[in-house]
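Peer 1: Positions annotated as [4Fe-4S] cluster binding site by Swiss-Prot, on the basis of sequence analysis: Cys133, Cys136, Cys224. For 58-63, the entry in Swiss-Prot reads motif 'PP-loop motif'.
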Amino acid sequence: MSAVWMDEQVESSARVQNSLKIEREDHKLEKRLCREVGRAIVDFNMIEEGDKVMVCVSGGKDSYAMLDILLKLQKRAPIRFDLIAVNLDQKQPGFPKHVLPDYLGKLDVPFHIENQDTYSIVKRVIPEGKTLCSLCSRLRRGILYRVAGELGATKIALGHHRDDMLQTFFLNMFFAAKLKGMPPKLVSDDGKNIVIRPMAYVPEKDLTRWAQVRDFPIIPCTLCGSQENLQRKQVGNMLREWEKKHSGRLENMFSALQNIVPSHLMDSKRHDFKNIRTTGVADAEGDKAFDAEEFSEPQRPGLSVIDIASR
């Protein structure tokens, strides 16, 4: 047997092995996404029996992934609920209006395209060079709330993920002087809708990879995506740099959002500092005066789950 023939066999075998490895990794990613979305739904009671969930699909990777995973979970869920995909066509120049209807039409899910020219309003009202996101978001929110009522939706699902929630927390702290984040579930500001974020536990890197696996027809935003100096982007870059230098830090920060100790902050509306009294009973959470705080290495709970699942 010639060396050339043997080399070709080795290369062919390597390609097959590599293909199988990629397939296994993709399958693990799918299981992880379904598990994390399912866990968030259960932890926060996001979807209940008989719900009609309006899934907001923008054409970005996050909303595509949310719809994709919710459709998978719908088939195996212990309760019955309906999904309807909704896209708001804001009449942005160059927006490929056929992409979403074509994509959604191939799925086993009802969908609605809402046509509203918010682009012209935003460009007319906001001075050149100013951030467009605030007004665009308000207009979009009001329209989606109205559409939810017209469609009889009981929940509105948005595609925000773990990184979005962390960014929002730091944005509020840096620029609004508030310890306030992005909730996984909350009544909308009009008091008429319940907004849920099923991907609250999902890191953005998993969604980026899943978009590649599924080959979603991504539609870039010509408004938000074209503004490079947005505060959110700056905070996002900061968090990514932290994670690069200190692996596991984002996981710990996200866990901190679920582990709040009001007595160790300074908000007198959350803790009655004025009327505290001694009890004579030892308390591990009591003040330790001059003792230096001791911190363990980041546990990275999300990654430990992944490692266990991959064995």
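Glycine too: its Cβ is placed from the backbone N, Cα and C atoms.
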Peer 1: Same chain only, please: residues at least 6 beyond the ends of the motif 'PP-loop motif' (58-63) with a C-beta under 8 Å from a C-beta of the stretch. Say none if there are none.
Peer 2: 87-88, 99-100, 158-161, 199, 204, 207-208, 210-211, 216-219, 221
Peer 1: Comparing the binding-site residues Cys133, Cys136, which residue's C-beta has the most other C-beta atoms within 10 angstroms in this structure?
Peer 2: Cys136
Peer 1: Any idea what DSSP makes of Cys136 ([4Fe-4S] cluster binding site), helix, strand or coil?
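Peer 2: The residue in question, Cys136 ([4Fe-4S] cluster binding site), is helix (DSSP, three-state).
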Peer 1: To what whole number does the mean pLDDT across the motif 'PP-loop motif' (58-63) round?
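Peer 2: The answer is 96, the mean pLDDT of the model over that range.
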